[in-house]
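Data first, discussion second: the structure below is written as structure tokens.
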Amino acid sequence: MSADTTSASRPTTVLLVCGGAAGEHSVSCLTAAGVLGAMDHERYHVIPVGITTGGSWLRLSIEEVTAFRASGDELPSVDAIAQGHDEALLHRDGEDVLLATRQGSTLADPVRIDVAFALLHGPMGEDGTIQGLFELMRLRYVGCGVMASAVALDKDATHRMLLGAGLPMVPYTALSQADWTVSRRSSLDAIAALGLPVFVKPARGGSSVGISKVSVAEDLPAALDEAFTWGAKVIVEQGLENAREVECAVLQDPRQGLRTASVGEIVMEGTEFYDFTTKYLGNGKARMQVPADLTSDQAAEIDRLARRAFVALGCEGLARVDFFLTEKGRLLLNEVNTMPGFTEFSMYPYAWGQSGLAYADLIDLLIEQALQREAGPR
């Protein structure tokens, strides 16, 4: 079986992957709609693939993906439009990586893929798994590699690695589900050392899914039980009262090297923390401010620490590095997001836009950087 090929001047064929099995499935769909809508379709031949929550890969149309929208409390999903779609299969044929569809016992409509852009958030996508698949296929892809993706998605591993690199982190403790099941008392004692309030989070997740703020000890068991529904490891972080949330978008520019956008701030207006609803449904309880209201020294320190975190984790392409700025002016690193959201409510593209780099140009640079890297293991 051979794929359609064109001359050297043909558009770059981009495999755009969205959906997935994680709790952030709908967020991924929203991100894909935003990215696809901004791409130059004369420069790129985009092949959208949606992964259902059950793990099936389906060939989608551009129109279907750009139509993904949040409507009230209703969020989009690949599952909702899955009926009637052929299964998509990625495979290698000689020097080419092909995407084909399964039609009965045959593979049809093979397309040669130049580069993959996986817009997957959370486990089974942002955690090094799909990155490993692309490397096994020797397919170039946008973003961080296996190790950086895996470490950054695990908040416990991120803390350990960045603390080892000398970066200031939020005080925390990690608990396994086995710890919690066997000895609730010792687990609660470990948390008590942090004081209250605390934030209880699934260790391997993003988009504020499964996160609870706990201000009274009696609420801890329920918060931990909820977090454990999202995975077998949980972290509990010290709550920082009245701390500001500031974020730094980092880009590995193929022409200029490592760059950072103006620092952004999530300004809370009527909500205690930046939860899922506020992030993705635009409920008006938070707004993005870029540049953040900071002193020049504070902005420079955030820039410096964000670059250090990017390098320490071995990130590539892009990452958003999130910090807390305490009332006393202390900066503490919160997390590193290797596939930040690209929705209209998302800080990463907004910060770059406010820094003079348009959405479409940002996407161009990310794809260009991916194409310059060697295919296969990094």
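Just so you know, glycine gets a Cβ as well, placed from its N, Cα and C.
Under the DSSP three-state reduction, Glu24 (active site) is assigned to coil, being neither helix nor strand. The active site annotation in TrEMBL covers Glu24 (among others).
Per TrEMBL, the feature active site maps to Ser207 (among others).
Counting Cβ atoms from all protein chains shown, Ser346 (active site) has 20 others lying within 10 Å of its own Cβ. Summarising the annotation, TrEMBL assigns active site to Ser346 (among others).
In sequence order, Val170, Phe324, Thr326, Leu332 make up the list of same-chain residues 6 or more apart from Leu240 (ATP binding site) whose Cβ falls under 8 Å from its Cβ. Taken from TrEMBL, the feature ATP binding site covers Lys155, 199-201, 207-208, 237-245, 334-335.
If you draw a 10 Å sphere around the CB of Asp322 (Mg(2+) 1 binding site), it holds 21 other CB atoms from the protein chains shown. Annotation source TrEMBL lists Mg(2+) 1 binding site at Asp322, Glu335.
What TrEMBL records for Glu335, Asn337 is Mg(2+) 2 binding site. Residue density at Asn337 (Mg(2+) 2 binding site): 22 other Cβ atoms are found within 10 A of its Cβ, drawing on all protein chains shown.
Per TrEMBL, the feature domain 'ATP-grasp' maps to 159-368. Per-residue confidence over the domain 'ATP-grasp' (159-368) averages 91 (mean pLDDT, predicted model).
Taking Cα separation as the measure, Lys201 (ATP binding site) is nearest to Glu335 of the recorded positions Glu24, Glu335, Asn337. Recorded residues Glu24 (active site) and Asn337 (Mg(2+) 2 binding site) have their alpha carbons 13 Å apart, per Cα-Cα distance. Neighbour count (other Cβ atoms within 10 Å of the Cβ, all protein chains): 21 for Asn334 (ATP binding site).
Looking only at Cα atoms, Lys155 (ATP binding site) sits nearest to Glu335 among the recorded positions Asp322, Glu335, Asn337, Ser346. Cβ neighbour count for Lys155 (ATP binding site): 25 (other Cβ atoms within 10 Å of its Cβ, all protein chains included).
Each residue contributes its Cα atom, and for Ser346 (active site) and Asn334 (ATP binding site) these two points are 17 Å apart. Rounded to a whole value, the Cα-Cα separation of Ala243 (ATP binding site) and Asp322 (Mg(2+) 1 binding site) is 12 Å.
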